[in-house]
Each structure stands twice: as structure tokens, then as C-alpha cells.
């Protein structure tokens, strides 16, 4: 595909509304796109997406590693349909709407390469293209995705902001810790005072330098029965696996419980796992292949740290090594979101080059 046809494909995709949980129209579009090119695809259970498979071209390439590419078809909630403009080589919106380049840039590159390989076949091993849903709702599509449909030895997740050539080899463990403190109206201490006492003690607690805990919501209310209730929503992230985080999670919970008992307050808590830590060595196959492909294309390479999770967190945790590659978009989840047409072209070329390097 030329740069212009890649741009046109991207514009078609961003014109399709696909907020999380409302992806059927874009899934149908992708299925039709694949069917027109005689590419087989299989839907995953619970509307979590689909996988398209291109078999190896010959007996020699059958020996190459099976690789996967992934992108999510859903977008964050947007207040309006995007009105698109092309300004100085950048695709962006002219109204208060999200562009949706996160992650339709990744979807565009995958479909463009599929089209390229069907029209101009080159030797390649088996390739799987995974399109997930509900990524913006806690990576739900990847968590539900039927991995019995996937044979890949490793993969590449096309879903990070920044220039094409950036890669993310590591990601933090991320948990949500929520607490509720409730006391009667005649209690000697208010729920807010009790909560502040617990928070003060936790902030004095020694956490590893690689761990961060923060409260992002603190609110109180008076219930219909006159009781006072405080809600505390917090996040814990760390540069190491979940099992190393759990003792510190228990320590935080224990502080709330002990102070609640001391003041005869009712304390409830819920812990939710958002996504797991992963770390890929620079010598791992996906990193070596991506690095070689970037060098072949003379892309500026850098390894970066991404705040937030991607489907790669889930796939790594479920046993398939996945490297995250920047998809070229900027300012995701804002009305300033944009992407350069050249970045869409670079991403498509990088996917094609990764396939070529893997086959060789």
C-alpha cells in the first residue's frame, strides 16, 4: 500500500464509531476486509475480538517462528464523532472529539500489511493478527481472548504513543486498592478522622523504591441511617511481579483494619488486579527481531517506559511473550490526539519488515 492508501484506510477506520463495548461495526468491517482477500479469521469467545491467520508460504518458512501482531479496535469514550482534518502532515480532529488513533493506527498497519501480502506475496512464516475489544475497559478483551486460537511463539503489540521505532520491554504491576470506613452518627471519631489516621500511618511505612502507592479519590458522605462513610480509592504499582507486591498490599490493608478495630469502625476493602508486570530481555527474540527490522528501515530506536497497561501485559502473563511497539500517535485520550501520516506509513513498513526478518 502507498502512503495515500494507508491514510485512506486509517480515515475509514476512525470514521467507524467503536467505543469500548460497541465494537461490532468495526469487527464486521475487519471481517469483510479479510473475506475479500480470502484470509481466514476466527472470532474469539464473549465478543473479545478475532484472529486472522496467514499460513506459512512454503516448507522452508514453516520452520520460522510463528509470530503475532495485536491491536485493539475499541477507543476511549468520546463526546462526539470526530471531524477530521489534515494539517501539516498530521491527521487530527477539528471538534471536541478523540481521533481514535489509539489504537486504530495499529489496526490500520495490520490490515495494510495483510493487503500487501495478499496482493504481492513474499515468503513468510505463519502470522497471526489479533484484533481485541474492550482494551480501554481494563484490557478486558485480551483477558477473555481464547488463546486456543493463537499458536504464536511471541508477538508484537502495536499500541503505545510516540514515534515508530520506540519499544517498551517492561511494564509495572498495577493494582487497585479500595477502602470504605463507616461509623455511627454518635461515634467519638468521624470516619474522615479515622481514614486520615490510617493514611498518615501508611505514608510513614517503608515501601521499596520501585513501588508507588497513591490515593486518587477521598470522599465522605452521610448515609440515610445517619452513619458517616468514607470512600478511599487508591492505586499501587511496582516494577516487579505480583507475588512480591502482595506482602505490601496486606500491610496496607492491615493498617486500615487495625485502626478500624481500635476505633470500633467498620472497614471494608476490595483489591483488584489491573495488569501484571512483564520484562523482556533485550536479547529475547521479539526484541532482537524488532531491533533488526528498525535498523533495516533506518528508524531512530529507543526503549521507553510506558505508564499504563496494554494487551501485552495480559498476553505476557498468559504465557506468550509480547513486545510493545509505539504506533506513532500523540496525546491519546485527549482532544489533541493526532498522528502524522508518515508515522502510519513507518508503522506499516515496520510490521512488514518484522515479518521479513522473522522469515529469514
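Cβ coordinates are placed from backbone N, Cα and C, and glycine is handled just like the others.
These features come from TrEMBL:
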type	residues	note
ACT_SITE	135	active site, proton acceptor
BINDING	102, 159	Zn(2+) 1 binding site
BINDING	102, 136	Zn(2+) 2 binding site
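Around the Cβ of residue 136 (Zn(2+) 2 binding site), the same chain contributes 19, 20, 72, 74, 75, 76, 77, each under 8 angstroms and 6 or more positions distant in sequence. When the alpha carbons of the residue listed as 'active site, proton acceptor' and residue 159 (Zn(2+) 1 binding site) are compared, the span between them is 10 angstrom. Neighbour counts of Cβ atoms within 10 Å were compared across the recorded positions 135, 159; the minimum falls on 159. When Cβ atoms from all protein chains are considered, those within 10 Å of residue 102 (Zn(2+) 1 binding site) total 26, not counting its own. Secondary structure from DSSP puts residue 159 (Zn(2+) 1 binding site) in coil. Mapped onto three states, the DSSP output places residue 102 (Zn(2+) 1 binding site) in helix.
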